[in-house]
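Working notes, beginning with the structure itself.
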Amino acid sequence: MVQKPWYKWVMLFLYCFLQWFGGSIWITYASIAHRASSYYSQSIITINLFSLSFLILQLPMAPISSYLFHKSYYWTIMLAYIISIIGVWIRFAAGPIFGLALFGQILVGAMNSMTLSGCSVLAALWFDETQRPIAVAVASTSPLLGSAFGLVISPYYDSIEHLLLTQACYATFAGILNVIFSRNKRDKVHIEGSYKIELKIAFEDKFMLALIVLISAALGIAYALTGIIYQLLDPFGISESQSGWIGFSMYIGGMIGGILTSLVVLKTKNFINPMRIFAIISITGCLVWSIILGDIYSDIIGSSITGFGLFGLMPLGIQAVVDQNKYVAESITTNLVYLIAQGLSVVYTYPLIYCYRATTVSGMWLACVLCILVMGILLIIYRSSLIEKHKEINESFATSLKSVLVSSEDMLQEVK
């Protein structure tokens, strides 16, 4: 079946809708932690498991995701929609039963973690090379828009039951649209060779892995800050609804930054200067927010700059690591970015929360120190000489590995 040229935008919309509602569900209780604690009769630390479950699940889901996307983008997204819808209705039906509600959340979180890397797979499958930076930017920032929506809207619901019902309804609506409009496309979007071969090439590329760790470490800071936004700002007199708007401004800043970086790359065909600029903006944002933190207006300014830098670096970073080694499937490199980012965000979360309790110094200062360390190293190693040198090494290694694979297959055929 021949697909219409405009159908790629439909597929992008369907992917974004999945990530949008996943983002809104992930962040459900971040701005209403006290109300959720009362509703489930659990401590706030325990309530954090609702958001942390999304981050923790990246560990088991990343390898599954890479394998499934390697087989079929269409069926992976379809499976994610079905299980996510089951999860949101379980969460609603559970009422105040914490364990059952968390199980529903885990189902949604698992599917969200499984499909995060789909942004680059979608771009490679449906879009030509000149349009891919924009497609990746829109797709990878769609969870940010959902999270921004979730942070703002949660405090305004009169009950948690109504909030969960609303989420279940729009998730179901998204799933129906996917069943009606989604189409399968069977073009191969990765190099010839097995999944195991691509993994071997990826883990031999130490420079690319270093880039992934640094980009992920920066993204992990942003995830951690938004996941505990109310707990971070509560000691400074910020209310639940105000924390929602502050988190909203961080996500919107990130969306603007992400799309802007992609437009710059589309025009200049260069990742180096945009990466450096956004690394500096990230440091500046964290530093400014740490200094002026204290009321809603200054927090909105600080969070907007921080989100613009840290989240804005995300689509740019994904495209940079995909471009660094074209012999590895997009799903593998993108999954590594999200896997490490979400794992580190879990590691960051409680130190950021307890920093104020232990020292009376805001956890933002700890985030600022981490950001300076990570971005400083990125600025040092991400330069053209090292980039080109390792691209040549990648090509040589992939070619030799492919030759060995072809020779092995020929010998096997002779034996048969």
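Quick reminder: no glycine exception, Cβ is built from N, Cα and C everywhere.
Listed in TrEMBL for this protein:
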- 12-33: transmembrane segment (TRANSMEM)
- 39-61: transmembrane segment (TRANSMEM)
- 73-94: transmembrane segment (TRANSMEM)
- 100-127: transmembrane segment (TRANSMEM)
- 134-157: transmembrane segment (TRANSMEM)
- 163-181: transmembrane segment (TRANSMEM)
- 207-233: transmembrane segment (TRANSMEM)
- 245-265: transmembrane segment (TRANSMEM)
- 277-294: transmembrane segment (TRANSMEM)
- 300-322: transmembrane segment (TRANSMEM)
- 334-351: transmembrane segment (TRANSMEM)
- 363-382: transmembrane segment (TRANSMEM)
Should anything in the same chain at least six residues away from the transmembrane segment (163-181) have a Cβ under 8 Å from its Cβ atoms, list it; otherwise answer none.
10, 14, 17-18, 20-21, 24-25, 28, 77-78, 81-82, 84-85, 88-89, 91-92, 108, 153-154, 157
Of the stretches 12-33, 39-61, 245-265, 363-382, which racks up the most C-beta pairs under 8 Å with the transmembrane segment (207-233)?
363-382
Counting Cβ pairs closer than 8 Å, which of 39-61, 134-157, 245-265, 334-351, 363-382 has the most of them with the transmembrane segment (277-294)?
363-382
For the transmembrane segment (363-382), distant same-chain residues with Cβ under 8 A (at least six beyond the ends)
207, 210-211, 214-215, 217-218, 221, 224-225, 232, 272, 275-276, 279-280, 282-283, 286-287, 289-290, 293, 302, 310, 348, 351-356
Same chain, outside the transmembrane segment (334-351) by at least 6, Cβ under 8 Å from its Cβ: which residues?
48, 52, 54-56, 58-59, 62-63, 65-66, 113, 116-117, 119-121, 202, 209, 212-213, 215-217, 219-221, 223-224, 227-228, 314, 317-318, 321-322, 363, 366-367, 370
Here the stretch out of 12-33, 39-61, 134-157 with the most C-beta pairs under 8 Å to the transmembrane segment (73-94) is 12-33
Spatial neighbours of the transmembrane segment (39-61) far in sequence, C-beta under 8 Å, 6+ residues away:
22, 26-30, 33, 96, 98, 101-102, 105-106, 108-110, 112-114, 116, 160, 223, 227-228, 231, 338-339, 341-343, 345-346, 349
